[in-house]
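The domain '3-dehydroquinate synthase N-terminal' annotation in TrEMBL covers B:75-187. For B:G113, B:V114, B:V115, B:G116, B:D117, B:T137, B:S138, B:K150, B:K159, the entry in TrEMBL reads NAD(+) binding site. According to TrEMBL, the domain '3-dehydroquinate synthase C-terminal' annotation covers B:189-338. Residues or ranges marked as Zn(2+) binding site by TrEMBL: B:E192, B:H254, B:H273.
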Protein chains: 2
Amino acid sequence: MNQSTEDTVTVSVGLGERAYDILIGAGLLARAGAEIAARLPGARAAVVTDENVAALHLRPLQEGLGAAGIGSTAITLPPGERSKSFGALEETVDGILGARLERRDFVIALGGGVVGDLAGFAAGIVRRGMNFVQVPTSLLAQVDSSVGGKTGINTGHGKNLIGVFHQPRLVLADTAALGTLPEREFRAGYAEVAKYGLIDRPDFFAWLENNWRDVFSGGTACTEAIARSCRAKAEIVERDERESGERALLNLGHTFGHALEAATGYDSARLVHGEGVAIGMVLAHRFSARVNLASPDDADRVEAHLRAVGLPTRLEHIPGALPDAEALLSYIAQDKKVSRGALTFILTHGIGRSFIAEDVPASEVLAFLRECQTQ
Amino acid sequence: MNQSTEDTVTVSVGLGERAYDILIGAGLLARAGAEIAARLPGARAAVVTDENVAALHLRPLQEGLGAAGIGSTAITLPPGERSKSFGALEETVDGILGARLERRDFVIALGGGVVGDLAGFAAGIVRRGMNFVQVPTSLLAQVDSSVGGKTGINTGHGKNLIGVFHQPRLVLADTAALGTLPEREFRAGYAEVAKYGLIDRPDFFAWLENNWRDVFSGGTACTEAIARSCRAKAEIVERDERESGERALLNLGHTFGHALEAATGYDSARLVHGEGVAIGMVLAHRFSARVNLASPDDADRVEAHLRAVGLPTRLEHIPGALPDAEALLSYIAQDKKVSRGALTFILTHGIGRSFIAEDVPASEVLAFLRECQTQ
Ligand SMILES: NC(=O)c1ccc[n+]([C@@H]2O[C@H](COP(=O)([O-])OP(=O)(O)OC[C@H]3O[C@@H](n4cnc5c(N)ncnc54)[C@H](O)[C@@H]3O)[C@@H](O)[C@H]2O)c1
Ligand SMILES: NC(=O)c1ccc[n+]([C@@H]2O[C@H](COP(=O)([O-])OP(=O)(O)OC[C@H]3O[C@@H](n4cnc5c(N)ncnc54)[C@H](O)[C@@H]3O)[C@@H](O)[C@H]2O)c1
Ligand SMILES: [Zn+2]
Ligand SMILES: [Zn+2]
């Protein structure tokens, strides 16, 4: 929250020659053309989006771009995690090249994390790197995926295993766009907001416990929660841009979460990413308590808060049958946070005191998962 | 040529934390395991290669790796430019992930520039960047494509339009492997050797005019030509790793060359990359003379030398019919060295005096191509 103009808050990501601003506030979508033209004069754009978001927000964006003299082409993909695929990547790249964009032109991601990850990857590889602007429209994308430059797609071997680091030149988080976001998606994004408190900001977690209703109703508390989240992520990314260490903390809840997403076949009717993270964070706290790293009271407090906002917190909250503990463990071992066969997890000493635990014995995890499933 | 042990010459590429060595000499393939184990202890490997090279050189490499305690999996693709595709990329990535390699493991490219560009791209995107080792087996790959970290694939929109910069950790250029390279491929690679003289090393070009027969018979003159080429390329890459300026000089002959490759449908029976570059370099010198930038004598000298070694130097040397000048120009405009609609070419003031020319009028190029076709 470095500066604030009217209701727009700016968070700066300090990455040297790759530094950029995140603007957060209502109405940024329509102003995107002006903000971009000020930074990338004379450039043209390809807007990558999904069908849901296109129907709601593509026109105001393209009109604003046009008013600022920026010609644009839209590339619209089916919504959902399945668009993070080689096929969709090829389609996106082809659309960008077909629009004859050059390296100084730019790619805009208009949508949630799926569109952001896919479009960012495409921007990172077309002509070995084009300018990229994030216009995140889901809460998850505004607080997490649009910040930090991780891009990628999924393969049969697991989530986000293929991609590049490619920082955006600008992030425009229009809080008004969240007005059309389904409640369930807003809640899922909220799991990542809470994550920052649980990683290393206990005060922020306490603030959320007291103010979550205001965050959910939009307005200044919502803008504040987004800005505090972006700042939390930016600080970690500034210290470890390419995840050689500390950045892995952002995966709190994600090792379990990704395994659950894989186990439910990335079927958003059953589980969306943030819901997997919510369950995963509770499991990470429970597991930490089980191996005597943290007090079970902390796990209870995390679960109570996530449950209060309406998030799932246990395996049994996922509709439909789950594979058994052995199968869940094999999804975990497949995940990228595996090193030399030993399991790496983000565990915790308590709320706001998470850490990277290497060499977590698979047998302990298996026993724990068995307990979770028979509760 | 920083140091020389017995017959192995080392060229160091000074790129700060991405610095690496290029070792050049006979027998490096069998020693690759030892050289790699010294630099990347405890890692496992995926060897990406093509069917031709696999039949000749895969076994000694894998045996050498095994002897050094490095387990490896081979991923073998069909030979030829068509393997620089999304489909082959997906297959390669899938093979690497299927071998359960982690970020600290590494990918080896064993083969020519096609395998190097494809495997390097795959290594650059799996887990957002894995270790990568180049074991180039064609002359072109030893002097050019294995150095400098450019990787990529082709699309319907043009050559090498998709890719990343991903530097290798080590390059092992076994000059003995060139013994099995078809004569035509050796000659094609020689075009890139001559290119370094034409860019900014007139003495090297003169040396080649006198010594090319020795270069073609292998032995120390061949090692020397490779090492001087690698040093020439390394110096340009050190000054401009990501091609924001000077590195574009390496594209001398390539704007025309790529258009000819596209116009012949990447059919290696008609034209291989280095042959396209040979013709392209002559055309760049002729065009420079036509617009009074250089003396026609220089173009004659370039053509005489390339013809002496047996390379094609004119459009009419390409077997089969070519599209007309307009169509060739549209392939050129498609190429990535296009900026705001104006054509960017590498032109020259004479041998060893090339430069980046922006805003070359398309009409001049068109008139020139028409003349070339009616000669
Ligand atoms: N790159 C990173 O650092 C990072 C970090 C966290 C998550 N992610 C990735 O983000 C993805 C999840 O992001 P997500 O939750 O935004 O998913 P998403 O992009 O699928 O969006 C969720 C749903 O909301 C819809 N939607 C988005 N904005 C809307 C709006 N304003 N109004 C109405 N509908 C809207 C979408 O069409 C979609 O159906 C996952 O693929 C995850 O791996 C990436
Ligand atoms: N990345 C870069 O900086 C860069 C620079 C220049 C060229 N390139 C790329 O390099 C490619 C051309 O490279 P290339 O000419 O090596 O093509 P290539 O990889 O197709 O190899 C040429 C042929 O020689 C065969 N071959 C290779 N080594 C052999 C050996 N030792 N014995 C027998 N056969 C062998 C291959 O199987 C193939 O049939 C093009 O795709 C071009 O775009 C990239
Ligand atoms: Zn997440
Ligand atoms: Zn070349």
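Glycine too: its Cβ is placed from the backbone N, Cα and C atoms.
Automatic, uncurated: that is what TrEMBL annotation is.
Feature map: annotations from TrEMBL on the structure.
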residue : record              : contacts (Cβ under 8 Å, 6+ apart)
B:G113  : NAD(+) binding site : B:P136, B:S138, B:L140, B:A141, B:D144, B:S145, B:S146, B:H273
B:V115  : NAD(+) binding site : B:V48, B:T49, B:D50, B:V53, B:L77, B:S83, B:A109, B:A141
B:D117  : NAD(+) binding site : B:K84, B:S145, B:K150, B:T151, B:G152, B:I153, B:N160, B:G163
B:E192  : Zn(2+) binding site : B:L139, B:L140, B:V143, B:D144, B:S229, B:G274, B:V277
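Residues B:G113, B:D117, B:S138, B:H273, taken from the binding-site residues B:G113, B:D117, B:S138, B:H254, B:H273, are distinguished by a CB atom under 6 angstroms from ligand 2. According to DSSP, B:E192 (Zn(2+) binding site) sits within a helical segment. B:K159 (NAD(+) binding site) sits 11 Å from B:H254 (Zn(2+) binding site), counting Cα to Cα. Take the CB of B:H254 (Zn(2+) binding site) and look out to 10 A: across all protein chains shown you find 26 other CB atoms. In the structure shown, the C-beta of B:H273 has more C-beta neighbours within 10 angstroms than that of any other entry among the binding-site residues B:K159, B:H273. For the binding site of NAD(+), formed by B:G113, B:V114, B:V115, B:G116, B:D117, B:T137, B:S138, B:K150, B:K159 according to the record, the largest Cα to Cα distance is 21 Å, rounded to a whole number.
Summarised as a single figure, the pLDDT of the domain '3-dehydroquinate synthase C-terminal' (B:189-338) averages 94. DSSP assigns B:S138 (NAD(+) binding site) to coil in the three-state reduction, outside any helix or strand. Across the domain '3-dehydroquinate synthase N-terminal' (B:75-187), DSSP assigns 47 helix, 31 strand, 35 coil.
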